[in-house]
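Swiss-Prot has this to say about the protein:
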- 99-221: domain 'MPN' (DOMAIN)
- 170-183: motif 'JAMM motif' (MOTIF)
- HIS170, HIS172, ASP183: Zn(2+) binding site (BINDING)
Amino acid sequence: MGWEKGLAPREKLVRLGAESLTDAELLAIFLRTGLPGVHVMQLAENLLAQFGSLYQLMTAEQSAFHNARGVGISKYTQIKAIAELSRRLFFSRLAKEDAMLNPEATGQYLQLLLSRREREVFLVLFLDNQHHVIRHQEMFVGTINSVEVHPREIVREALKANAAALILAHNHPSGKAEPSQADRAITEQIVKACLLLEIRVLDHLVIGHGEFVSFAERGWI
């Protein structure tokens with residue numbers, strides 16, 4: 001659907017607030033300019049249609065933009081800067097709040113990090129005794145459908161970070177977040193290894209495309 005001229009996105013934001021803007025209008029503000037014969041709003045709508053959603057646009061790799069008309073290096077860096085600002089906003093929140101009190105925010109943060117990765121990545125959030133995030137680390141990178149995980153290395157990094165608790169996470173590049181039996185088995189091994197040093201594993205989140213599954217919510221931890 002083509003763009004019809006109306007209230008400009010910047011003017012709409014000032015008058016009605018940022019929450020009143022569509023995804024395309026917000027994106028247009030960051031893109032700033034369109035192409036010869038293509039208004040910036042139309043460019044924003046075209047990009048969202050091509051990638052399928054704002055989330056997929058923001059998390060796409062640079063190679064995915066090669067066939068995106070109107071997205072040179074300047075606009076690509078603008079888009080990735082927005083995505084990185086969003087990631088840092090989520091992290092600043094998790095660093096100040098109990099990560100277990102808002103599992104949805106934790107899941108969204110991990111989706112930003114993992115959901116569009118082409119290989120399985122096993123990541124750990126290291127938490128202090130108030131469940132504030134100290135840092136995160138990608139511990140292991142595997143293939144398109146598996147990743148080899150070593151519990152002792154996770155324990156070693158937890159001790160280095162002086163972590164009192166952990167949240168585990170890994171992605172399924174297939175897009176389906178349903179945990180496998182292997183996922184459950186390795187989680188049990190990590191929980192047992194950590195308990196020996198009184199480090200708690202609070203959750204394990206499996207990240208898909210636009211969805212995630214929490215072991216804690218299912219009562220598996």
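Note that Cβ sites are derived from N, Cα and C of the backbone, with glycine treated the same way.
Annotation for HIS170 (Zn(2+) binding site): spatial neighbours LEU114, GLU120, VAL121, PHE122, LEU123, VAL147, ASP183, HIS204, VAL206, ILE207, criterion Cβ-Cβ under 8 Å with sequence separation of six or more. In terms of local Cβ density within 10 Å, HIS172 ranks first among the binding-site residues HIS172, ASP183.
Listed in sequence order, the residues GLU120, PHE122, VAL147, ASN171, ALA177, PRO179, SER180, VAL206, ILE207 complete the 8 Å Cβ shell around the Zn(2+) site centroid, once HIS170, HIS172, ASP183 themselves are left out. Within the model, the motif 'JAMM motif' (170-183) carries an average pLDDT of 96.
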